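Taken straight from Swiss-Prot:
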DOMAIN    4-167  domain 'EngA-type G 1'
BINDING   10-17, 57-61, 119-122  GTP 1 binding site
DOMAIN    176-352  domain 'EngA-type G 2'
BINDING   182-189, 230-234, 295-298  GTP 2 binding site
DOMAIN    353-437  domain 'KH-like'
């Protein structure tokens with residue numbers, strides 16, 4: 001199940017980030033702490049009462065010189081588009097302002113649950129002064145103090161009551177779920193539109209069960225069925241926040257959550273940026289199958305070595321994605337786009353691959369015969385046996401006499417031998433070393 005999304009919106013200086021940080025940092029256990037995105041706290045995975053969810057601090061979307069109203073609109077549009085539950089924050093110290101009314105009116109157009117949190121209610125006496133906020137027309141309100149952590153438990157209890165039922169989630173029914181991610185302007189939308197063009201049969205647009213995203217199902221001439229996740233979001237135009245880097249990262253994280261295979265799009269003209277590596281790292285850490293797509297290849301002056309040189313650059317910059325195949329395409333001319341569905345299917349097959357224990361142990365023992373296990377202070381690592389315990393990604397447990405004797409380099413050696421013996425192109429594999437009891 002994809003984690004529900006909670007967005008925090010409100011006019012400036014009402015304490016949105018304080019509430020966000022308090023909820024994410026103290027009152028809620030952070031499930032995973034990723035560098036970069038959680039550093040600026042735009043998007044934080046979190047948990048409350050055994051519900052896992054993701055929080056968006058829309059205040060992280062900054063539009064620079066854009067007028068105030070446009071910045072507020074960007075926040076609210078982001079919340080309405082992406083969230084399952086919206087928390088509007090106002091300030092109990094200042095009372096209802098015209099800007100609060102602007103935000104509330106924008107939220108009227110959504111049928112998603114909106115919860116009003118009146119912040120800066122730092123003592124019980126202040127509760128008597130907050131009833132004017134009912135005039136915003138958002139129903140029940142929750143007095144809280146972000147700076148003191150007061151009232152957040154009640155607020156979160158109300159939030160999780162609105163989360164969708166796991167039972168309502170769509171079944172994948174054998175279709176391969178994949179997403180196309182990348183920085184703004186690398187050509188994601190062009191690739192999406194080309195792949196959903198006349199040579200594809202659109203079976204249906206599936207309404208997302210936990211948000212308004214549209215997942216597009218299509219079949220190839222070979223009869224393979226795919227679900228391209230959140231194509232509605234990729235194809236939107238004219239949103240004021242569409243080209244902000246933080247929004248791009250946030251959308252990529254959501255796509256990773258909802259997909260089995262990730263197509264990471266790079267721009268051949270612009271080259272590789274830090275954000276490319278940042279987002280790719282999230283997909284790798286999540287254990288998703290990966291394909292690297294280099295778009296705008298038609299715009300590059302080439303000789304007989306250009307493609308190989310660019311591939312070497314990718315391998316150098318994305319050392320952790322050495323398993324990901326690279327495809328050079330042009331959404332403008334259609335070059336090689338017809339090959340993408342088959343490659344997605346191949347890496348998805350590898351992502352789901354199971355290896356019998358007997359075959360796996362033959363490979364492990366052959367590897368040890370070629371390169372004996374390491375020793376430390378006269379003690380030699382002994383590998384007893386290995387077995388596969390999971391797929392998506394393929395995960396193997398290796399039982400040894402002492403975990404401390406398994407050096408990283410030898411673990412990497414065994415992983416490489418497993419990859420040589422079995423085709424795991426496109427998928428990370430996990431090795432877990434355990435001491436045999």
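Including glycine, each Cβ sits where the backbone N, Cα and C put it.
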*Any idea which of the binding-site residues 13, 58, 185 has the thinnest Cβ neighbourhood at 10 Å?*
13
*For residue 188 (GTP 2 binding site), which of the binding-site residues 10, 13, 16, 58, 121 has the nearest Cα in space?*
58
*To what whole number does the mean pLDDT across the domain 'EngA-type G 2' (176-352) round?*
80
*asked:* In whole Å, how far does the CA atom of residue 16 (GTP 1 binding site) lie from that of residue 182 (GTP 2 binding site)?
replied: 28
*Across all the protein chains here, work out how many other Cβ atoms are within 10 Å of the Cβ of residue 182 (GTP 2 binding site).*
25
*Looking at the binding-site residues 13, 58, 121, which has the shortest Cα distance to residue 182 (GTP 2 binding site)?*
58
*Inside 10 Å of the Cβ of residue 188 (GTP 2 binding site), count up the other Cβ atoms and send me the figure.*
26
_Let's see if you can do this one: DSSP helix, strand and coil counts over the domain 'KH-like' (353-437), in that order._
31 helix, 24 strand, 30 coil
_Please give me the CB contact count at 10 A for residue 121 (GTP 1 binding site), counting all chains in the structure._
24
*Enter the number of other CB atoms within 10 angstroms of the CB of residue 16 (GTP 1 binding site).*
24
